[in-house]
Amino acid sequence: MREAPERYFQTALFLIQKKRYVEALKSLDNAAEVAKILLNDPDNKFFQTKLKTNLSNTFTFGNFLYNTGRFPQAQNFYELSVLISQKLLETNAENVVYQSNVAITLNNLGTLLKNMGRLEEAKEKYEKALQMRQKLLETNPKKTEYQSNVAMTLNNLGTLLKNMGRIEEAKKMYEEALEKREKLLKKYQKNLAYQSDVATTLNNLGNLLSDMGRIEEAKQRYEEALEKREKLLNKDPKNLTYQSDVATTLNNLGILLKNMGSIEDAKERYKEALEIREKLLNKDPENVVYQSEVAMTLNNLGTLYSDVENIQEAKEKYEKSLQIRQKLLATDTENVVYQSEVAMTLNNLGVLLKNMENIEEAQQRYENALEIYEKLLKTDPENVAYQAHVGGMLNNIGNLLSDMGSIEEAKQTYEKALEMREKLLKTDPENVTYQSYVGTTFNNLGNLLSDMGSIEEAKQTYEKALEIYTEPMQCMTIGRKSESIIRLIELNSKKATTETNPFNQMRCLKEAFQLCKENREFYLKYELKHERKLVTEAGLSAYIDFLIKNVRLEDNPEKRAKEYEKAIQYVENLGKVEDDETVSKLCSSDACYLRGRKLVNEALASRQPDLELLKQAVEQFQNAKETYEKANVCFCVYIGLLKILEDVNELEEVDVPKLKELVKKVLETLPEDVNPSIRVSFENIPQIFEEKDKLTRKELLKKLDERVSAIEYKALENFFGHIHEKIKDYFEEPFSPNLIYENWKLKVTFDDPEKVKGKLMIKTGNRILFNRALSKEEIEKHLLEIDYLKIGYFPKGEDEIIFTTPGQKKPVLRPIDYFESVGRGNKTRIFQCDCCNGVCVDRDLKLAAVQLKYNAYGENSVVKLTTDDAYRQKVMTILDAVKDEADIVVFPEFSIPFEYLEEIQKFADENEVIVVAGSHYVTEGKLGEYGKIFSREFEEEDLRKNISPVVIPSSKIVHNEKLLGAREEREIYFKEGMKAGKINHIFKLRDDLRVGLMICYEYLNADLRNHLIPACDVIVVPQTNPSPKRFYETAKNDINNPPCSGNRAYIMANGIFTLEKNEETLGGSTGIVSTLDKSTYGQQNEGIIEPVDEVMEQFILLASISKDFNPAKDTQVGQIPIKTKLIHIFEKNEIFSCSEDKGKQFIQLLETIAECKDRNELREIFNSEENKATIKIFSPLMHKHIQNLEELTLDEMKKKCCCILILAE
């Protein structure tokens, strides 16, 4: 028996090589059983000495069993491997090889348990493996093997947590793994294994981000992984692993692109993946892994063709995939992976056949898939994947039975699906995938019950659905919850119309209103603008209907009038929510109608009817009846009643024949559909006054009043029917477009483009964005793209996109907020601000970049500026100096406090100059004042944003918000830093000239910069930057390797500043980089004004930029790309701080230069060595520019030392 395990292992190895798997498995089972017995026999010296050999055997065969889908047997061998490793550790606890063996086996056991659906157990194994590997790494931090192993387990743990629905934790694990793997790769750049590891984690991150709905980030990760894997493959084209890895990422990218609506791109990726996988299979036809991967890609292609309704192609791909998978299963009937994959393709075929209306065939496929999944679950009842599959299949069968009209069967099937899915959710209540499953089935069951007329049961079902969701929600659950809320509102509204008991009607309406109120934050938080608007409308209309029902129960006219007043307020609120002009007018008419009803009740509240109030009521009905038909009934009734009441008095005798004639005329004006009882009441009025007994007459008048009051009951029924129609339309829209906005392109995807009949018009407001029929390619792709740059449309704020086709009863509306992902986890919106008001009309753009001196310091997590009256005077003096020389003045970041803005606005208005007023932090003390001078109000959420105010002539101030903070501005430990901004503007000066703005460190963000460059001719960058060199390198790279055609100029306005109490002056190098031709290319650096002799000076850089310059050829227009000029800024205090005598001498020299009117005399002044020395003391920069003046005119020489002098305090 001692040698039995080794003998069994050798036999198994021989049988595996001969592909006699069933016999090999039997031998392995015997080996495992004997090994366990001997392992627990401490006296068995022979077996103990063979532990290392047996460890190697058990681990090897564990891997074999895992790879062939024998998960329970693989588990036995892995656990045996752990036992042997631990036994070895008992003999030598410090042996790192034994520790490492335990860790690797635990890691593999974790992967096995994950694939068996035993997620909690898998998590426990991974965590133990991670703990051991981290401990090993601590003993030897520089050992690359340990670093790599830790990263591997982090990566695996990330995949597990993703499968458990713990998305954020998974993301953290992947990012840690990626960081470690990238660190290793950076150190060993040629190591192919490390390159492959990085690509693997990037691929996995792509999968996760795709599930999170962060499509662009997922795409970026996949593309990075693909780039690395293709690079590896190019180095070693015959490497089968590299080929397989490339195919895997292409396949994943295909799935993502399909989900994005980029159907053609997705198809291309799938086909590339399929081509690689089929080549691999052709080389090794018996390789089960290659067979499985080919089947997977065929299955995915089938799903893609199904989505674009290419039914025959889809069916063909599914059937090929099924054929391969069934063949694999036939060779190895116990392989749980093969069984699961066959069931998956059967399910997909079932979905396709259902859509083809081959109901019986679809049912057969579904039932076959369910049978396999139930069999798998029976063999492994704790497997959550199998539980999920059974639940999914039951849900699909429920849908099919519902469509077939087998209502009871469908209900029972949904209930079974729900039981299975709720059981799953109970094991992990925060798992968003499980929440999505349960929510889907609850909604399906609710819809079925609603169609059956079981309204209360349906309501309870939707309410249960709302209880399952936890925060934070993911894209897969947000839609489910929203559907449950809207369905509940729809049910309550529907029930309110069918209920006969007024109190039950009111209860339903109140519930609908409460639902809207309770879920308002949900719609705001997850930015479901379209649904939020729908729900808000429904909530307000339900509450108005509730108030109206309450009116009907009230006999007292005064109290009725008060209820009408409440209803009027809510109707007006609803009108504010409505964007649709027709509905908005209807709300206005409804409000008039209700005011009329209110006035009628006030008129009838007194013993003697108030005819003046009745007249006012008639006027309100007249205003309302143009768009609200029901108001016409009241108008006719009450104008008739008014005429009658003006003619009679209940206590006096009346001319009855005359009254009869009047009543006859009134009856002729009443609409045909007026309530017959109202007509009868009018006909009976003369009889009232024929009655001689006054008490009887009063009784008859009271009856008349009751009849008249009944008018309002009829008129108020289904007061806001259009809202209920909107909800109905939401679920029954003619077509369902989805919007994605990125890089100035509006991408519109359609669930079913075949529903878009004829010419499609897409517009926002009055601006038409698209107006033609969809092309064949767009229909095939389910996608059309509208390039805003090409059509010259720049959003100015959030839009509502309107879709219409000929004969379409109602437009399809979709809101778009224009948020775009910019870099890692950041989002911003870029809007256009129109500045076409006389600034820079039909000439070169003149810019002034100010290099200003100031002291900045940090306080309460914000950056502030040390200022006084002298500083304010300096700022305003600078503006005055450039008012005739610049269209735009740019001050450095942080250099302009909020308090200066009103004065700067006055300057801008008077001189028609745009001022980029540096930037400042939004602080609580000023929060309430922004609305007075800015184009928008600021709220608490804006605190600690670094904003750049752009002061525009004859306009309120527009601002940009800094998206990315510099190192000093970022959060760290307990310190809150700058809050990331979410809005950026470009400024249109004329149709062919736009200016962009980026605040300091933002400029280094390639994503944001590449968004702005195609839309802007000039980008200005206010900054407080100690190291501007990187900025100029980036600018020059963008000029020399342009991302798009056209001339560009980048203007850096940097401060010269001190920080806190540190006296060291930082910053400088304000400048401009622009498009030049090849002749002047070498002069690029001349626009950058660097410190001379390390002295940082204040100045204004003036630049005149030609938009017409053509770098490709010499033309008669725009030959000069750019002209610049400096205005030096000197402060009297600073000049005298050096030496009062020298200072006076310098100031006198500047005055002499300014007053000089003779060219030769001025040249002599400049050529004087004493004057040169004086200038060099105070301005090395000016000294540099006054060399070689021989050929210059008087004015040209004076420009070299143009300056402004800031007076002392």
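Cβ coordinates come from backbone N, Cα and C, glycine included.
Of all ranges given (109-139, 450-480, 946-976, 1008-1038), TrEMBL attaches the label coiled coil to 109-139. For the repeat 'TPR' (151-184), the DSSP counts in helix, strand and coil order read 31 helix, 0 strand, 3 coil. Here the repeat 'TPR' (398-431) has a mean pLDDT of 91 out of 100. With a cut-off of 8 Å on Cβ pairs spaced 6 or more residues apart, the repeat 'TPR' (398-431) and the repeat 'TPR' (199-232) reach fewer than 3 such pairs and are scored as not touching. Counting residues of the repeat 'TPR' (199-232) by DSSP class, helix then strand then coil, yields 31 helix, 0 strand, 3 coil.
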